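Undergrad: Here you go, one structure.
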Amino acid sequence: MSLILPVACGTTRQHRLYNATPQASGFHPKPILRQAKFLSSSGFPLSPYERSDRFLTVARFGSNEPLPAKFSPAKLAPLEIVGGNAAGAASIKIPLPAPVTEDMDVEEHHANKSGFLSEAGPRPIDKYMHLRDLREHDTTKYYQLMLKNAQQVLPFIYTPTVGQACQEYHSLGIKTRGLYLSLNDRGSILSKLRAWPQQDIQVIVVTDGERILGLGDLGANGMGISEGKIELYTAAAGVDPSKCLPIALDVGTNNAKLRESPEYKGLRSARPSDEEYDAFVDEFMQALKIWRPHVLLQYEDFGNHNAFRVLEKYQSGFCCFNDDIQGTAGITLAALLGALRIRGGRLSEQRILFLGAGEAACGIATLISYCMHRREGLSEESSRQRCYLMDSKGLVVSSRTDLQHHKKPFAHDAPFVHTLIEAVRMLKPTAIIGVSAVPNTFDEEVIKTMAELNERPIIFPLSNPTSLSECTFEQAVKWTDGRVIFASGSPFDPIEYNGELHNAPQANNAYIFPAVGHAAVLTKAKTIPQAVFLVAAEQLAAMATIKELQTGSVFPQFSNIRLISAAIMAAVVRYLVNSGLGTVPAGWEGHDTGEGLDWRHMASAAMWSPSSTSRL
Ligand code: NAI
C-alpha cells in the first residue's frame, strides 16, 4: 500500500515548498525555504547523503531566521508530512508502514463499545491486565488494537501505568513473558538463552531493576519495564514481536519491603558487590555475542552508578545503547532543534543549564555538545562549555572535589553557586532543562528571570512523572507571558492564553529509540555511536509542520509515529551503511542505495504489521 504525494511541480503552496525555484511562483516563504534543502535543522550544511534523500522531510529554517510570531494562514498553508527530494521529482511513492485492515476496525469497535479506550473505562491497571490477557490469548487482535490506537493504548502498556504494574508485579498474578537471568544462573547463561523457545531474537530490552522510572529499586519486578518498553519497538517502529525478548537480570534488590513480601519472585538477597555484578553482566554479554551476534541490546533503568560503567564498557564492541542516557539525549536534542526552528539562532549560540547531573543530564549534554562540534564547528571544549549542570549540592564546577566521573566533562571554571536562581542570574542561559526529579524547582522567580533574559525562553521540565515535573505547563506559559518554548517529560494538556492555543509537546523517547534500534537490526550494526542519535534527532526535528510549530509543538504528532519512525529508520540505516558500521539490509543489496529512494522504501517495507504474519 502506498500514498502518492505530488511534490516539486504541484500547484499548491505546499508543493511549491519543494520547487527548485520557488521565487518563480511569486510566492516567497522565506523563513522556511531559503536554503531549505541544504541545511540541517541546526543550520549546518547537510552532508551529501543527507542531501540525497529528503524522505518525509519538511522545509527547514536557515540558520538565523526565526519563525515569525504570527503567520497568516492564507500565506502559509499547513505543511503536512510530504515526500520530496532535492532533485524535485514529480511524485514520490511513500509506502505506508502498517496497513490498516478491517479486522482492526472490528477490534477497535469492540474496544470502544466496552469503553476500553475511553477515560471513563476501567482503572488503568485493569486495562494493563486486560491488554496482557488479550496479548496472550489473541495476539493478532492485540497488535491490531495497539497499532490502530497507539496513542490511546500505549499509556496502559507503558508509562504511566507500567509504573504501578512494576510496583505490584509480584502480586498481580502476572504470567511473565520475558526471560529472567539470576545470579543463580552464573555459569549457565548461554544454555538458558539457547533453551529459550524463540531463537530468532533481534531486539532485547534488559533491566537490572535498580532504578525503575522514578520508583527506585524494584528488583525482579523490573521485568514489567522490559516487557512494556519492548512493545514500543513493535508499535512505533514495526519490529516483529516474535523477535523481541524482554530480559530482567535478577541480581537481588536493596528494597527490603519487596524482599520480605511472600509473593516476591526474585532473589531475596541484597544487590551484589561491583565485582560480582560486573562478572555476571560480563557473562551475559559474552553469552549474547555467541548466541545472537547481531542482536540489538537496549539497557533500561539501570542505577546510574552501573549505567555509565556498563555502557562505557560495552558500547564499542556490541550493538547496544542505553535509552535513559542516549535515547533521552536524542529526544531532547530534537526538542532543542525544534525550538530553534521556532525561535531562530544556532545551537552553538545557546547556553544551556541543566537542573540534574545524572543519566539524563549527562547524556543530553554530551549529545548537544557533540552536535555543536560536528555540525557547527565549535571545538569539543567550547561545545561542552555551552552546557552547565547542577546536582543536589549546587553548580558542577571544576573547583569541586566530590564529582562523580560522568559529571567531570561538564565541570567548568566558574564560581560555585548553590541555587538555581543564582546560576540562572550568573550564566544567563537561553535554555533550562529539568532532569532532577525534584518538583517545583522551576519556580516563579526562575521562570520570570528566564523571561527577562530571553525573548523566547526555552524551558524543558523533563522529570517524570507529572508530580515530579520541575514546573507545570500553565506556570511556564503564565510566567513568561506566553513566550515560553516548552517540552516536558510527562504530558500536559494544551492551554489557551491570551486567546492563543499553546501546545505542550511531550519529549517521549519512543520517538527515537524504536526507530534507532530497528535500523541497527536491519543493518546488523556493529555498534551504535553517538552520531546515530544526532542523525535521528535531526530527522525528527525537521518533521514538525509549520502548523505544529506555530502552536509550540516542537515534534510532529505522535499519532503519525509509524511514518515518523520510517523516516528516522531511513536516515539511520543510511548513516550506518555509509559509515561502514552496518550492511545494506537483506534483500536490498542490489538496489540503488546511493542517491535513490530505496532507503525509505526499505524502511517502510521492513515494518511488521499484524496482518502480515500468521505465526502469532
Ligand atoms: P538520575 O538519578 O541519574 O539523576 C538525577 C540527578 O538529579 C542527580 O544528578 C541528582 O544529583 C540531581 N538532583 C537531585 N536533587 C536535586 C536538586 N534538588 N537540585 C539539583 N539537582 C538535583 O536520574 P535520571 O535518569 O537522570 O532522570 C532524572 C529525571 O529525568 C527523572 O525524573 C526521569 O523521569 C526524567 N527523564 C525524562 C525523560 C524524558 O522526558 N524523555 C527521559 C529520561 C529521564
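FYI, residue positions are counted from 1 along the chain as it appears here.
Placed from the backbone N, Cα and C atoms, the Cβ positions cover glycine too.
Copied straight from TrEMBL:
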DOMAIN    135-315  domain 'Malic enzyme N-terminal'
ACT_SITE  Tyr158  active site, proton donor
BINDING   Arg211, Asn464, Asn508  (S)-malate binding site
ACT_SITE  Lys229  active site, proton acceptor
BINDING   Glu300, Asp301, Asp324  divalent metal cation binding site
DOMAIN    325-577  domain 'Malic enzyme NAD-binding'
Undergrad: Looking at the recorded positions Tyr158, Lys229, Glu300, Asp301, Asp324, which has the shortest Cα distance to Arg211 ((S)-malate binding site)?
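TA: Looking at Cα distances from Arg211 ((S)-malate binding site), the smallest one goes to Asp301.
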Undergrad: For the (S)-malate binding site, please report the maximum Cα-Cα distance among Arg211, Asn464, Asn508 in Å.
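TA: Comparing all Cα pairs, the maximum is 18 Å.
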Undergrad: Sequence gap of 6 or more, C-beta under 8 Å: which same-chain residues meet both conditions with respect to Asp301 (divalent metal cation binding site)?
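TA: Listed in sequence order, they are Thr207, Asp208, Gly209, Glu210, Arg211, Ile212, Leu213, Gly222, Ile225, Asp324.
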Undergrad: Express the predicted model's confidence over the domain 'Malic enzyme N-terminal' (135-315) as a mean pLDDT, rounded to an integer.
TA: 96
Undergrad: Just to be sure I understand the contacts, which recorded positions have a Cβ under 6 angstroms from any atom of ligand 1? Candidates are Tyr158, Lys229, Asp301, Asp324, Asn464.
TA: Asp324, Asn464
Undergrad: Which one of these binding-site residues, Asn464, Asn508, has the sparsest Cβ neighbourhood, judged by other Cβ atoms within 10 angstroms?
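TA: Output over binding-site residues Asn464, Asn508: least Cβ neighbours within 10 Å is Asn464.
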Undergrad: Does DSSP put Asn464 ((S)-malate binding site) in a helix, in a strand, or in coil?
TA: coil
Undergrad: An 8 Å radius from the center of the Glu300, Asp301, Asp324 Cβ atoms defines the neighbourhood of the divalent metal cation site; name the other residues of that chain inside it, in order.
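TA: Sorted by sequence, the hits are Thr207, Arg211, Ile212, Ile225, Lys229, Tyr299, Phe302, Ala307, Asn322, Asp323.
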Undergrad: Measuring CB to CB from Glu300 (divalent metal cation binding site), give everything in the same chain under 8 Å that is also at least six residues away in sequence.
TA: Val205, Val206, Thr207, Ile225, Ser226, Lys229, Asn322, Asp323, Asp324
Undergrad: Taking DSSP as the reference, which of helix, strand or coil describes Asn508 ((S)-malate binding site)?
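TA: Going by the DSSP assignment, Asn508 ((S)-malate binding site) belongs to neither helix nor strand, so it counts as coil.
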Undergrad: In angstrom units, rounded to an integer, how far apart are the Cα atoms of Asn464 ((S)-malate binding site) and Tyr158 (active site, proton donor)?
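TA: Cα-Cα distance, Asn464 ((S)-malate binding site) to Tyr158 (active site, proton donor): 13 Å.
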Undergrad: For Arg211 ((S)-malate binding site), which DSSP three-state class applies?
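TA: DSSP assigns Arg211 ((S)-malate binding site) to coil.
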Undergrad: Based on DSSP, name the secondary structure state of Glu300 (divalent metal cation binding site): helix, strand or coil.
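TA: It is coil.
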Undergrad: Any idea what the Cα distance is from Asn508 ((S)-malate binding site) over to the residue listed as 'active site, proton donor', rounded to a whole Å?
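TA: Asn508 ((S)-malate binding site) to the residue listed as 'active site, proton donor', Cα-Cα distance: 12 Å.
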Undergrad: I want to verify one value. Collapsing DSSP to three states, which class is Asp324 (divalent metal cation binding site)?
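TA: It is helical.
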